[in-house]
Amino acid sequence: MLRLALTGVTGRMGRAVLELAASAPDIQLVCGLIRPARDPHEVAAQLPAPLALTSRVAELVQGADVVVDFSHPAVTVAVAEAAAHAGIPLVSGTTGLSEHDQAVILRAAQHVPVVQAANFSLGIALLHWLLPELVARLPTWDVELIERHHRHKRDAPSGTALALARTLLAAREPAPSPLVYGRGPGTAPRQPGEVGIHAVRAGGEVGRHTVLLATDDEAIEVTHWVQSRRAYAQGALEAARRLIGRPPGLYSLQDLVT
């Protein structure tokens, strides 16, 4: 039985993971993290499944086999340090991390296995495998990336879009131009090798990422469309299962599933 601790239990992703984990026969929910100002009884009454709650990170990791984190950068940093100190693997999907925050994650990965992904969809993991193949075979084609999310999403471009862009850039030979964010008034003509990235925020879109490869004569569009946050939750729980027993290090989701 996999004993799982969870952050961000009142957020969209935390609730999705909680609901799915509660119905999984191989997972035991041991603890959830809430903000100190919140009343644990009030929060517990609003959750989709029973869960012991704490506002103390040190208590969160006690008795857990793995921590799944979908929270805020400041929380992620504290959880990463606590997990490393306790020797507990960490699955983190928090985005918007600073360079300092990422350095803390890297230090934690020296002591415990850490899987970090901006998107825990298994389809996105496979897209990271597919895109380099396309770009390598079509080296002169223009590449643009368009991502769409709900109106409430704060970071733009999304962490997933940035990760996909890095995958595309790494597959480009020779060395590509930098990323181009949007194409507003006064934008210079497209340069060979560059990758354009565009963010759309509207409605209730859970997440859609489209990679466009084009010449003057033809084009290919590859689109991944998430219809439910359960897709992310399923990927995060699968990552937690596969992380157990791995040596310390920083893993991507595609490291675990491809």
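Cβ atoms are placed via backbone N, Cα and C, with glycine included.
On its own chain, Gly8 (NAD(+) binding site) has Gly14, Leu33, Asp69, Phe70, Ser71, His72, Val75, Thr94 as residues at least 6 apart in sequence with a Cβ closer than 8 Å to its own Cβ. Secondary structure at Gly8 (NAD(+) binding site), as computed by DSSP, is coil. Here Swiss-Prot flags Gly8, Val9, Thr10, Gly11, Arg12, Met13, Gly93, Thr94, Thr95, Ala117, Ala118, Asn119, Phe120 as NAD(+) binding site.
According to Swiss-Prot, the feature active site, proton donor/acceptor maps to His149, an assignment based on sequence analysis. In sequence order, Ser158, Ala199, Val200, Arg201, Glu205, Val206, Gly207, Arg208 are the residues of the chain that are 6 or more apart from His149 (active site, proton donor/acceptor) and have a CB within less than 8 Å of its CB.
Sequence-distant contacts (6 or more apart, same chain, Cβ under 8 Å) of Thr160 ((S)-2,3,4,5-tetrahydrodipicolinate binding site) comprise Ala118, Asn119, Ile124, Glu147, Gly207, His209. Here Swiss-Prot flags His150, Gly159, Thr160 as (S)-2,3,4,5-tetrahydrodipicolinate binding site, drawing on sequence analysis.
The active site, proton donor annotation in Swiss-Prot covers Lys153. Listed in sequence order, the residues of the same chain lying 6 or more apart from Lys153 (active site, proton donor) and placing their CB within less than 8 Å of its CB are Arg201. For the recorded site, Lys153 (active site, proton donor), the DSSP three-state label reads coil.
Under 8 Å, Cβ to Cβ, and six or more positions away along its own chain, Gly159 ((S)-2,3,4,5-tetrahydrodipicolinate binding site) finds Thr95, Gly96, Ala118, Asn119. Each residue contributes its Cα atom, and for Phe120 (NAD(+) binding site) and His150 ((S)-2,3,4,5-tetrahydrodipicolinate binding site) these two points are 17 Å apart.
Per-site Cβ counts within 10 Å over the binding-site residues Thr10, Thr95 peak at Thr95. Geometry remark: His150 ((S)-2,3,4,5-tetrahydrodipicolinate binding site) versus Arg12 (NAD(+) binding site), CA distance 12 Å. Under a cutoff of 8 A between CB atoms, and with a sequence separation of 6+ in the same chain, the neighbours of Arg12 (NAD(+) binding site) are Arg229.
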